[in-house]
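Now, the feature entries from Swiss-Prot:
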type	residues	note
CARBOHYD	Asn22	N-linked glycosylation site
CARBOHYD	Asn65	N-linked glycosylation site
CARBOHYD	Asn96	N-linked glycosylation site
CARBOHYD	Asn277	N-linked glycosylation site
CARBOHYD	Asn336	N-linked glycosylation site
CARBOHYD	Asn379	N-linked glycosylation site
CARBOHYD	Asn428	N-linked glycosylation site
CARBOHYD	Asn471	N-linked glycosylation site
CARBOHYD	Asn537	N-linked glycosylation site
CARBOHYD	Asn573	N-linked glycosylation site
CARBOHYD	Asn641	N-linked glycosylation site
SIGNAL	1-26	signal peptide
TOPO_DOM	694-733	topological domain 'Cytoplasmic'
TRANSMEM	673-693	transmembrane segment
Amino acid sequence: MKKINNNKIFVLFLTILLYLLNITTAQKPVSINIKIFDQLPLYNDNFGSQSRAATIKSMVATSLNTTFKTPSLGSATSSLPSPQLFQYWFQSNFANETKNSGLNAPLTRTITLNYDSDSGNYIFNNPNFFLIDTDGFDKTASNRIYKDSTGTYHNYHYCVAFNYVFKPDGQGKEMFKFTGNDDVWVFVNNKLLLDGGGVRSPEATTVDFTKAGLVKSQETPLDFFYCERSTNSPPSFKIETNLGGLYCKAYDYCGVCNGDGGTCCNPQTDCLTQLENGTLINDKCTIPICPPLDTQIDKNLGIGFFCQHSQIPDPYAGSLCEKGECDSLTGIWTRNTSICPTDKDLAPQCRKQATCDPKLGCQSTYLCNNVCDIGTCNNGTCTQKTSNDCVQELDRGVEDKCFTYKCVPNVGCSKTPICPRGTDPCKNYTCSGGICGTVDIPQSECSCPCPGLNKCNTRICNPDNTCTLFNLTEINDGNPCTDDLCDPVTGDITHVMTTRCSGCNTCDVKTGKCVAQDSHCDDGNPCTDNACVASANSTANSQVGQCTQTPTAKCDLGDKCMVYSCTLEGGCNATQRVCPNSGACKIGYCEPGFGCKLKDRVCSSDWYCIEAQCDAKYGCIQFDRRCAPDNSKCQEGVCVNNTAIGKNDGKCISEDYDPKPFVCQKAALVSTAVIASVVVVGAVVLGAAIFAGKKGYDAWKTSQGNVMAASQANPLYTQSSNGGENPLYNSPT
């Protein structure tokens with residue numbers, strides 16, 4: 001067996017002593033899941049080989065966007081080549097691969113903050129914070145163009161964010177310090193408390209928690225944002241904090257804390273197919289969308305199965321006279337103006353196409369508005385007025401047997417005597433009950449000279465042998481809406497519809513007055529209200545009617561919780577109003593008589609130690625209740641469910657760390673007894689190590705049971721992580 005060097009024995013003893021002391025003070029490390037957004041200067045020229053300068057304040061707004069948990073751009077933007085692209089520093093953007101499109105590559109990593117017993121803080125320190133070399137955009141070898149001073153390639157351009165929460169212990173000693181180069185912002189309670197924007201050299205900055213408005217045991221968000229934008233020096237990244245109780249409340253389906261799904265779902269590549277009737281198809285007329293963040297993804301089906309697809313907006317929308325049609329295979333839109341039915345389509349309805357109004361839609365002309373039409377259509381044929389209709393119209397339904405009734409096209413109903421008038425001026429031609437007759441007129445009454453006598457009138461001789469002329473009674477057809485005419489040479493009688501009423505006005509055969517006929521304005525569109533109104537061209541002797549069409553109001557029945565609509569094909573429709581939500585935590589509902597309102601989304605948990613909240617991004621979430629201890633250095637908060645009383649009953653308690661951390665023990669207890677016991681144990685271990693080597697140490701450790709449960713490895717036989725020499729790494733022989 002080799003001789004043991006005294007120096008090595010001393011180092012061994014010291015190592016054991018320090019290690020055992022560390023056992024009593026060790027705390028669990030804090031793991032933080034970070035979001036990384038790889039940036040390429042081609043797509044976002046705010047990143048590149050920029051010169052370092054002083055810290056820039058007010059690059060971001062002082063309040064955090066509480067829905068997306070991202071900072072908003074502030075007032076100091078002059079140093080940014082493209083301020084509009086700031087929105088893509090900390091959220092996924094799957095844009096086109098074009099200059100300054102804002103395209104980024106979302107990634108995720110986990111960093112571990114180890115407990116430092118000297119300071120009582122948790123620390124992560126990496127002076128060469130190159131976490132995503134050959135990842136993100138740099139998976140493509142041609143993008144690996146940035147190198148450090150030694151010529152070694154690195155991925156320099158990226159942003160980091162994490163959104164965690166903690167519960168203050170009420171001691172007022174919270175601390176969070178960051179040391180690094182380029183941009184860093186930290187928000188506490190959604191307030192900007194660390195403002196370090198700009199491409200700059202590494203410097204230490206500390207959060208001022210006195211401005212955070214902390215309340216003991218109250219859930220408090222801490223949101224961290226960092227960017228490495230230059231290649232002038234390696235990215236330095238160090239976090240030091242005493243917030244050992246940092247935790248994440250919600251993870252997306254990619255497993256990222258407060259993620260947006262971007263690390264495992266790119267809609268341009270993962271959502272190209274959709275489910276239709278049980279078959280996955282690729283429809284280029286839809287916009288692929290990654291699943292909602294609260295979706296439970298079945299890994300056997302793949303994320304694409306849960307993607308959503310919304311229709312690409314019709315580029316020709318806005319006019320009721322045209323629409324776009326999209327080819328699902330090519331995604332190419334074509335314009336279709338064949339919206340309205342053709343004359344052939346309308347013929348069975350006795351209509352013909354008139355025009356199309358972009359706001360009102362298709363309009364047609366009704367062909368059964370002639371004066372001899374009764375206004376109904378029978379399979380494409382207008383129903384004509386019969387003689388009975390004319391009796392009703394002219395004589396209120398009482399037929400005069402001495403006349404024939406008929407409707408003359410473009411003239412209307414008229415009646416003519418059934419008994420013809422003869423040429424003998426000394427006979428009076430009569431009709432009674434439909435029977436024609438004559439009555440002789442004395443010569444003295446019919447043979448007098450009568451200048452102006454023609455075939456359209458008759459005469460009566462006066463005692464002084466003069467005559468009086470009268471128009472033939474049959475000239476008047478009894479219709480006040482016709483102009484009655486008689487040819488004085490031939491005696492032919494004609495009746496012409498009056499021109500006093502025109503347009504959509506018609507003449508009332510009972511009164512002779514012009515009446516507006518709204519039915520004559522029917523455009524065949526159930527979604528318009530049609531009216532006949534007086535035209536500006538009307539005069540006292542000529543009443544001109546003009547048709548107007550307006551969007552119909554007859555569909556709206558006044559119920560504020562119904563949505564009324566109208567279609568050319570179906571007319572009026574009514575559907576239940578769906579009130580939109582406002583974000584993930586405000587639920588829309590409809591209150592009768594009022595309309596849409598919002599109410600808080602209610603999230604519940606059956607157990608006290610499982611908290612339920614509504615998150616503005618995820619909706620209802622559940623997570624373990626974290627309890628703030630009375631003294632975070634010496635105690636941990638523990639949640640206890642009281643199942644004996646009920647599921648929702650429980651409490652938070654503070655329990656001392658066991659074993660109690662060295663700094664928390666009373667001086668009197670820590671002095672001689674503790675040190676002595678440590679020395680004794682150390683001596684035992686030292687002896688085991690010297691005389692039995694590694695196996696002796698391991699056997700001793702096993703015999704101690706739970707006493708050494710906190711030990712993670714044998715410190716004597718673990719190679720130093722920093723390259724230094726472990727004096728007893730090799731077993732003595």
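Count begins at 1; order follows the chain as displayed.
A Cβ is built for glycine as well, from the same backbone N, Cα and C atoms used for every other residue.
Long-range neighbours of Asn96 (N-linked glycosylation site) (same chain, six or more residues apart, CB within less than 8 Å of its CB): Leu103. If you measure from the Cα atom of Asn573 (N-linked glycosylation site) to that of Asn379 (N-linked glycosylation site), you get 27 Å. Taking all protein chains in view, 12 other C-beta atoms sit within 10 angstroms of the C-beta of Asn573 (N-linked glycosylation site). Proximity of Asn471 (N-linked glycosylation site) to non-local residues of its own chain (separation of 6 or more, Cβ distance below 8 Å) is seen for Cys456, Asn457, Cys486, given in sequence order. Mean model confidence of the topological domain 'Cytoplasmic' (694-733) amounts to 38 (pLDDT, 0 to 100 scale).
Looking at Asn379 (N-linked glycosylation site) and Asn336 (N-linked glycosylation site), their Cα atoms lie 29 Å from each other. Comparing CA positions across the glycosylation sites Asn65, Asn336, Asn537, Asn641, the one lying closest to Asn428 (N-linked glycosylation site) turns out to be Asn537.
Asn537 (N-linked glycosylation site) falls within neither a helix nor a strand when secondary structure is assigned with DSSP, and so counts as coil. Neighbour counts of Cβ atoms within 10 Å were taken for the glycosylation sites Asn65, Asn336, Asn379, Asn428, Asn641; the minimum is at Asn379. For the pair Asn336 (N-linked glycosylation site) and Asn641 (N-linked glycosylation site), the Cα-Cα distance reads 66 Å. All protein chains included, Asn537 (N-linked glycosylation site) registers 11 other Cβ atoms within 10 Å of its own Cβ.
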